[in-house]
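A quick write-up on the structure given underneath.
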Amino acid sequence: MIKDTRLILALDVTDRHQALKISQDVKGYVDAIKIGYPLVLATGKDIIGEIAEMVPVIADFKVADIPNTDRLICEQVFSAGANALIVHGFTGSDSLKTCVEVAEVHGADIYVVTEMSHPGALDFMQKVAEDMAQLASNAKVAGVVAPATRPERVQKIRSIIGNDIAIISPGVGVQGGSAADAIKAGADWVIVGRSIYLADDPKKAAMEIAKEIKDAIDQ
Ligand code: O7E
């Protein structure tokens, strides 16, 4: 993923026309568009390739299965045109290794979830997040997902993975996180959904967040 605006749109809409319109509008202001179950289940997997023709696509299926099933899922996702795929880390090293191998064949990237941004992530995930970050780092994935709602955790996860792999960070806006704080804590990209796609003018909203990120970097 080319690091320019450092903003990723989470396009959790369920209408094909709206999805394509917003993708076209934000092109140039986001480095990638993350799409997942809401849009793909509503419209079909061809939407992955249609959006990827405009902006790189990160497929967010949070893959979490045995290696063979993971392989089958990865092949479908990359054949559909996704540039990257998000997987869970808790299934362990063999499942993750399989995803990385399939991604390599397709010239695509894998991102691994460590600790999620919602309050429920404290119930189970936070306890093993640092181990999952280490696992992801060992597997040489493109990056990990860490919570913008807890910048101190972004910082902690950065200290574990070093600078060789990236952090993409959701939870900005509606969930209460700040794009500037996440970037300052060590995130390479922030992921923003509702604050952009529910805005009256999604392009303007994306531009404003991209500016906030740039100002935080320039400080
Ligand atoms: O709250 P929003 O509307 O800005 O959307 C955030 C998006 O990031 C949404 O698609 C949600 O599913 C996703 N997300 C989180 O909000 N928290 C997480 O911890 C992880 C994700 C996610 O996308 O995981 C993979 C990056």
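Quick reminder: no glycine exception, Cβ is built from N, Cα and C everywhere.
Per-residue pLDDT, averaged along the domain 'Orotidine 5'-phosphate decarboxylase' (6-209), amounts to 98 for this model. The feature domain 'Orotidine 5'-phosphate decarboxylase' is assigned by TrEMBL to 6-209.
Listed in sequence order, the residues of the same chain lying 6 or more apart from Gly193 (substrate binding site) and placing their CB within less than 8 Å of its CB are Leu9, Ala10, Leu11, Asp12, Pro170, Gly173, Val174. According to TrEMBL, the substrate binding site annotation covers Asp12, Lys34, 60-69, Ser117, 170-180, 193-194.
What TrEMBL records for Asp60 (among others) is active site, for OMPdecase activity. In sequence order, Ala10, Lys34, Ile35, Gly36, Tyr37, Ile86 are the residues of the chain that are 6 or more apart from Asp60 (active site, for OMPdecase activity) and have a CB within less than 8 Å of its CB.
Around Lys62 (substrate binding site), a 10 Å sphere centred on its CB holds 15 further CB atoms from the protein chains shown. The secondary structure of Lys62 (substrate binding site), as reduced to three states from DSSP, is extended strand. What TrEMBL lists as active site, for OMPdecase activity is Lys62 (among others).
TrEMBL lists Lys62 with the feature active site, proton donor.
As annotated by TrEMBL, active site, for OMPdecase activity applies to Asp65 (among others).
The recorded positions near ligand 1, defined by a Cβ under 6 Å from one of its atoms, are Ser117, Gly173, Gly193, chosen from Asp65, Ser117, Gly173, Gly177, Gly193. Summary: among the binding-site residues (Gly173, Gly177), the fewest other C-beta atoms within 10 A of the C-beta are counted at Gly173. The CA atom of Asp65 (active site, for OMPdecase activity) is located 30 Å away from the CA atom of Gly177 (substrate binding site).
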